[in-house]
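Residues or ranges marked as region 'Disordered' in TrEMBL: 1-67. According to TrEMBL, the compositional bias 'Basic and acidic residues' annotation covers 18-33. The feature compositional bias 'Polar residues' is assigned by TrEMBL to 36-50. Here TrEMBL flags 51-65 as compositional bias 'Low complexity'. Here TrEMBL flags 69-121, 127-174, 186-235 as domain 'HTH myb-type'. Taken from TrEMBL, the feature domain 'Myb-like' covers 70-117, 126-165, 187-231.
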Amino acid sequence: MEGVHDAAMATAAASDLGTKRQRIERLIQRGDRLANVQQEQQSETSLKPRTSSSCNSSSTCTTSSVFPVRRSSWTPQEDEKLRKLVRQLGNRNWSEIALHFPCRDRKRCRERFVNHLAPSLSSASSTWSAEDDEKLLQLQRAMKSKWVKMAKEFDGKSAESVKNRCLMLARKAAARSSKGRRAPPQRWTAAEKDKLQALVVTHGARNWLFIASQLPGRTDLQCLQQWYRTLDNKVVKGKGTWRAREDQVLVEKVAEIGPKWAEVRDRKPVSRAVLKPLGSVDQYGALDGC
């Protein structure tokens with residue numbers, strides 16, 4: 001029995017040793033591939049490495065996280081090179097593919113290929129029917145801004161195409177609502193203000209078209225004005241908050257350029273809550289009546 005046990009142990013040890021050798025061989029092969037990639041990158045002439053100035057770095061560009069990732073537009077030469085590398089290395093080896101693009105990481109390479117260059121993306125990506133638009137609006141109401149999931153519901157359309165179409169539809173809806181006789185503005189409800197604040201916290205105070213698409217009946221301009229007038233804590237609001245120095249600057253600027261309140265606001269040393277801008281209008285009226 002002991003002999004059988006020893007033989008089994010020897011067999012297991014040999015198997016384990018063989019597995020370790022295979023792992024080591026795979027690591028060596030991967031190292032060789034990476035070395036070849038780096039050598040090819042240095043000798044390649046079709047696309048020269050980016051200079052330090054183009055990458056906003058004082059050192060040679062690499063894909064290391066130490067240096068900034070390049071976010072500028074892709075050139076046709078880069079697109080063609082990316083297609084070739086995906087054909088050679090497959091659409092999963094993004095780390096190796098990124099080695100061929102100084103100052104572009106694997107995420108940028110993958111996004112560029114998947115959203116713009118993949119063979120599955122045809123002219124259908126830029127062609128939208130009325131049925132597509134209706135389906136897209138329904139999906140957006142259900143999925144909000146989950147563009148990747150929404151894109152899977154359409155053949156040949158990328159997440160980027162879906163996102164751009166949603167924003168374009170929101171812009172068209174806002175334009176239609178503003179045509180003809182202008183309806184009196186409606187007060188913002190507490191629920192709308194809470195939702196606006198949550199959207200800005202989540203998505204930032206930038207993409208107002210998307211934020212407006214989540215607030216039925218509100219335009220991007222209304223959302224922007226409501227945020228900066230009443231909700232943004234960085235803006236000074238309310239009566240009695242003006243300092244003597246600000247009063248002096250306000251009077252001087254109105255005397256210089258007239259009651260152009262947006263320009264007056266932009267030239268003052270602090271930000272004020274404005275619509276027309278109301279903060280400057282009210283304060284100047286108070287000073288004028290003194």
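Heads up, the Cβ atoms here are built off N, Cα and C, so glycines get one too.
Keep in mind that this is a model prediction, so the values were computed, not measured.
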Long-range environment of the domain 'Myb-like' (126-165) - Cβ separation under 8 angstroms, sequence gap at least 6:
114-116, 118, 120, 203, 210, 213-214
Could you give the number of helix, strand and coil residues in the domain 'Myb-like' (187-231) as assigned by DSSP?
32 helix, 0 strand, 13 coil
What does DSSP give as the helix, strand and coil breakdown of the domain 'HTH myb-type' (69-121)?
31 helix, 0 strand, 22 coil
